[in-house]
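Notes to accompany the following structure.
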């Protein structure tokens, strides 16, 4: 008989279900199976002892080899016993079992059959060794189950199961436990309790709690028997596709074991919940669902930082352990930069603001293995991180901003943009054109933007594209002059600017009836062509928003409509918008207060436009009047800094407002910046353009009332783009000394007089400009909702913490302070803001002049400033661009020059 292997997983003598129960019974002293049966002697190899290990009713032959000193070690036997438990009965193993087991040798000749094994020399060839759990094992020992954490790359959004916050980043966002499958931040790895509940990978029983250096059995020494191979077919690394592949497959555990023992002895009390505002996407730690909203999304325990919904709070167990610290470091999830509200706060706003953030504030792409290595000592045990190197301040301090990060404030439909068009219809079809009378057969595929003629139904190669925006008309058969003699006529015609497509083939005298499948694959027949005509006609229709009322009839989109041309003030009746513009339903540019904005294209010129579609039946009369107010205001505004309204179409059910299409908005520019905020020189460039557009509005007694980065559009993707104001749904006609009281705008950017339902005037826009400057330079909102704005303004440390305001000039802070004035009479006007030293910058003036030269229109700067800046450049030794020199400017201080300058200055301040 050959010698047994060094260690082999046991082959249970009972079925699997009974074996697990037997293992649990085996770990109690005196529960052995009784006298050992006769064991056949096994021939031992040189330098080894062959014997059997018995755990419950499972018995395994093992081989004990000599160590490097030539002796036998009892530690080897303990190691074998723990390995068998980990492989065969992982649900029965626990951390530190190595120190909690006793070994007994069966001696049939003795009155006491079980003899305690005190040394490896007590084990003889062919003995049966019983593994028994010591009475020193406590209930807490069974509860301590450390996690096996590995760096993981997630392909879908995931949340930390300790703090509830989202795992940020593109790759290696966090750690995943291979035992229970839970996910954690790298920063939370040192705080999570050792409570792994999984059995995917349990190889921790052979670790000593006393620090004894144990010998781990290498994977090369393990051999599995044939019946057990199906259990071990999939390695732990194969169970998690996103796990980082490591050569040594080293795992990491959570907080120190002795701390878990201390915490288990503590008295558990009910949680103390307070309403909380979260700055990052967070899930409820009870139901694992997202805490929705922008502010006051849920409740958080003041002591242990447990997060949950308000509806889930009564169901949360009373298991709060309070604030747990070790070496001054808080082990409960940190407050980070969140804002704690009072208990009495209104929780209904979370339902009104249930839009999820569209933009992420950071992307963590770090090597977690290096971070873990820094926190390990030589023995491989986890050490507490250096508090000086913590990446997040856990308490509110003047050094770090505690304000809400800048985000897109959603008030209506969530901003979405689908990248790929959905196929509306596909199939074989034949056609010929006005330039080529040869009838061709292709596989047609219709989506929301074009008709693509593919070579076949499986490949990606195509013959031609027919953009829907280029289709001028879709009509039945009009002419048969191009039909060859004896050929069947076509079914319908697609007319574009350059060519006419004659589609389909109407078989007049079919030779024999064809089965349906051959008709579909051949692309001929009046029925097949009719289906294509209806599908294309439907694709050319204006977009019908979800939830809108839909009438009956195939020509619903050709209801009597009125087209109002803003440029020439012409009104045309019975004009269908689909004959002039093509609307792309899958290109959602955004949403305003009264409708969704889609991308579109002018059919004849190919010019890109933005089309706002409003379903009138969804809105009450008051909101419909606000829409008309927006159109009426835009009709009277013609300024390069204001978005251009081309025309408006109106049907009994819907209104289509056609505007120029721009590149993006200012908020997208801020959030996509490297630091999540803009440099000062770019902010000056953008703010100056906003102020010039506001000056034009205020000159016409128009107050925007909803000024925010989302409503500042960029004309291009250039680093220094032209900007235009849009979304005048809340705009009001307010005289110089007039006041209004109706509630308008977005709360995050509104002045306090509006929030308090007091009268407001045109200075309302100037408060919004101050907020825009603040969020552009810092990437956060300036105020918290739970504190009085006046008190926050007085607290300079709160308003301007060193991070990031230490990098920002004092002139910028001074301008913000003069704009964010609670008293309206102290708030800066447009011209006073433009004259502030922060905006009177030579480089900003040069950038604006370059923009004006590029556009071909001077509307931001004034000629009266040319001489002043040219003189400034000479005094400072700066090079003045030659192409910006104004030839009409005179360098002599003649009375005529002074009179001209005074006249120009009078024009500039005439609106004050």
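The backbone N, Cα and C atoms fix where each Cβ goes, glycine too.
Here the structure is a predicted model, which means the values were calculated and not measured.
448 is the residue among 136, 448, 716, 776 that Swiss-Prot describes as phosphoserine.
When the ranges 325-350, 351-376, 377-402 are checked against Swiss-Prot, the one recorded as region 'Disordered' is 377-402. Between the listed ranges 44-94, 146-196, Swiss-Prot ties the annotation zinc finger to 146-196. Between the listed residues 432, 598, 872, Swiss-Prot assigns phosphotyrosine to 432, with no corresponding entry for the rest in that record. In summary, of the candidate residues 265, 469, 473, the record from Swiss-Prot lists phosphoserine for 473, whereas the others have no such entry there. As annotated in Swiss-Prot, zinc finger covers the listed stretch 270-320 rather than the other ranges in 270-320, 474-524.
Looking up 205, 237, 888 in Swiss-Prot, the residue bearing an annotation of phosphoserine is 205.
Summary: among the recorded positions (432, 473, 502, 591, 749), the fewest other C-beta atoms within 10 A of the C-beta are counted at 473. Of all the recorded positions in the record (432, 473, 706, 749), the one with the smallest CA separation from residue 597 (ATP binding site) is 706.
Comparing CA positions across the recorded positions 589, 591, 706, the one lying closest to residue 432 (phosphotyrosine) turns out to be 589. In terms of C-alpha distance, the listed recorded positions 473, 502, 706, 749 place 706 closest to residue 591 (ATP binding site). Taking the C-alpha positions, the distance from residue 749 (phosphotyrosine) to residue 706 (active site, proton acceptor) comes to 8 Å. Taking only the Cα positions, the spacing between residue 473 (phosphoserine) and residue 589 (ATP binding site) is 26 angstrom. The domain 'PH' (422-541) scores a mean pLDDT of 83 in the predicted structure. If you check the recorded positions 589, 595, 706 against residue 502 (phosphotyrosine), none has a Cα inside 10 Å of its Cα. Note: the CA-CA distance between residue 706 (active site, proton acceptor) and residue 595 (ATP binding site) rounds to 16 Å.
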